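These come from Swiss-Prot:
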REGION    1-54  region 'Disordered'
TRANSMEM  148-168  transmembrane segment
TRANSMEM  190-210  transmembrane segment
TRANSMEM  252-272  transmembrane segment
TRANSMEM  310-330  transmembrane segment
TRANSMEM  355-375  transmembrane segment
TRANSMEM  423-443  transmembrane segment
TRANSMEM  455-475  transmembrane segment
TRANSMEM  487-507  transmembrane segment
TRANSMEM  541-561  transmembrane segment
TRANSMEM  603-623  transmembrane segment
TRANSMEM  640-660  transmembrane segment
TRANSMEM  675-695  transmembrane segment
Amino acid sequence: MATVPTPSEAHGGATPTAADVEMVEASELRRRGKPSGDRATGPSRDGAAAAAEEAAAPSVERVFADRPVPSWREQLTVRAFVVSFFLVIMFSVIVMKLNLTTGIIPSLNVSAGLLGFFFVRLWTAAIERVGLLRQPFTRQENTVIQTCVVAGYDIAFSGGFGNYILSMSERIAGLGTEANNAQNIKNPHLGWIIGFLFLVSFIGLFGLVPLRKVMIIDYKLTYPSGTATAFLINGFHTPHGAKIAAKQVKKLGIFFILSFFWGFFQWFYTATDDCGFHKFPSLGLQAFQHKFFFDFSPTYVGVGMICPHIVNVSVLLGGILSWGIMWPLIAKKRGDWFSADLPDGSLHGMQGYRVFIAIALILGDGLYNFLKMIILTAFSLRSQIKKKNASTLPVSDDGMVTTTAAVSYDEERRNELFVKDQIPWYVAYGGYAVVAAISIGTVPQIIPQLKWYQILVAYIVAPILAFCNAYGTGLTDWSLVTTYGKLAIFAFGAWTGASHGGVLAGLAACGVMMNIVSTAADLMQDFKTGYLTLASPRSMFVSQVIGTAMGCVIAPCVFWLFYKAFDNIGISGSDYPAPNAAVFRSIAILGVDGFSSLPKNCLNLCYAFFAAAIVVNLIRDLVPKVSRFIPIPMAMAIPFYIGSYFAIDMFIGTVILFVWQRVDRAKADTYGPAVASGMICGDGIWVLPQSVLALAKVKPPICMKFLSRRTNDKVDAFLTTLGK
């Protein structure tokens, strides 16, 4: 079987993989982030190797042997969903802010797991003191909370608020002249967004349910994120793990408070967009004009502490290459390569080079890894089928596992409980058919440009793509969600045509495909987590459904709060540039109109960077010993459009973590993710009161702005004339 580098090795010095890149560009690669403290998981192994490794490892289930496993109904408690509801709100705000600023979303599983454990422990402790505790807090219930929370806040990403939904708006369409008409514009509105998400977000939950036993037990797919989450939860429910978790929560709380009040303090100095600490020319005014400055953002310092070092360095190198070298050189061609009269934000001018060269890097990287994943999946499936001497892919049934290989106590116990609570086949197939039928009839009422027969084709093809993505995720922790979405943009946009609203149809089809492929892989990750914590597949499925329903309401409401409170969302250079929105719409325009709209020599540069992305990835795979020193093309592409200020924040975060690891690696690995999560959460939650103040028309009282000495002299002279 083909070997795949371990995602967790990125910090340690081996080949960084898609797990690294997921935290690089959320619009391209999204996985259920694994806790940074558990980096021991790797690619899928063959059955014998996995069994031998587990047999040699200390038994986890013997530690919990004296604790009864609650029934699947007992795992679904009211307190679990109450805690999940509030955590979904909290993390949806954080993810939405990240989505609308840079699109870089790190793993938040550590904070989700910690806070879920902490709040339910508080709940049970309070009830126990008054003698009303009826059911102890179990790891199965903890798994239900984790699943519900991640399913809920994942809609804040996969719902397309930072990419395909915002791409449909008049605000983003106004950045260019192509497809800037009523047929290709649909402005966001709370009602249709919630309806659209309910129609497309559930169907992926039913597609792969019949294959859960095959992929988890028979093929022994690792699902590194799901495995790491299970290790985290199992650890919480041991005496030593509970003490460590309490200390981690304390660290998270301290930095949450500091980060929140730092955001509050900064707000007083931001009377306009160009004021405040986030516009501090820390590297000089000349560097500031080229987007090089430290903006005092706890969020992206925290992101830098969570992302692997190679990711942070790649982002910084991309910023230096683009804003430090390429854009100043291309700007000198103004009047030759593009009209000197065009504004800086025009896609026919300077902005066109920034956006389309970034797209070329992203597509080159995505296409290479898509083909690589298909090849790895094919080889792995062929190997598995040969071992079982079977010509067809088996489907989950109600029988027990039969195997001639010796299994450990843990594996036997987990297999027994995993096949005990079956999800009936008619629920899976019937659910898929019913939801698909409703969606086929209703989505065209919301997006008339996307016809019913196009949605039918998408739903016929989607299970195959969902299987490929879920299998690849199980092997490598690599979810190519928006690669499939971008393919849908091209395919359905070209099918519809420019004269029939092809841009809008392509973007809507992207949303349909992304939601199906994403939720299918996410559910399989949850099944793996449940398998390792003895949580019932039924409780996992129900929790995922409830979490998705929460997300379909909460995420649009959070987005609407941002959209109404801040009128500069999607505008380049603003606090919320939403870079992926412009990128997705530009991809849709390319799919419909071709390359005729590109400025001079832009296409040649795109070809060069597309090829460079493939070559760099090829070198990374062919020379794994030095791949940790080779930057990731997709990571480099992110600052091409929005600038390098966040890259400096992230680099500072990675330096902090690197020094901490040198001084005391054990503490850095244990508490680093909690500290980073506190910084991200505190700064993220500050957006809520900031939004309320903006809606109430309460403006900051002070503008802190930085001027050159010459400009300052002119301002002083002007103010002097006013005083006379």
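The backbone N, Cα and C atoms fix where each Cβ goes, glycine too.
When Cβ-Cβ distances under 8 Å to the transmembrane segment (148-168) are tallied for each of 355-375, 455-475, 487-507, 541-561, 640-660, the top count falls to 541-561.
Long-range contacts of the transmembrane segment (355-375) within the same chain: residues 2, 18, 21, 25, 28, 322, 326, 347, 468, 472, 476, 478, 480, 482-483, 486, 582-583, 586-587, 590, 598, 602, 605-607, 609-614, 617-618, 621, 632-634, 636-638, 640-641, each at least 6 residues beyond the stretch ends and with a Cβ under 8 Å from a Cβ of the stretch.
Beyond the transmembrane segment (487-507), the same-chain residues lying 6 or more positions past its ends with a Cβ under 8 Å from any Cβ of the stretch are 164-165, 167-168, 179, 183-186, 447-451, 454, 458, 513-514, 584-585, 587-593. Distant neighbours of the transmembrane segment (541-561): 72, 76, 80-81, 84-85, 88-89, 92-93, 96, 144-145, 147-156, 159, 161, 165, 188, 190, 193-194, 197-198, 201-202, 205, 209, 423, 519, 522-523, 526, 688, 691, 695; these residues of the same chain sit at least 6 beyond its ends, with a Cβ under 8 Å from one of its Cβ atoms. Here the transmembrane segment (190-210) touches the transmembrane segment (455-475). Their Cβ atoms form 3 or more pairs under 8 Å, with each pair 6 or more residues apart.
A Cβ distance under 8 Å defines the sequence-distant neighbours of the transmembrane segment (455-475), meaning residues of its chain 6+ beyond its ends; these are 4, 31, 43-44, 203-204, 207-208, 211, 215, 219, 221-223, 373-374, 376-377, 380-381, 432, 436, 439-440, 443-444, 481, 484, 488, 492, 509, 512-513, 516-517, 520-521, 524-525, 528.
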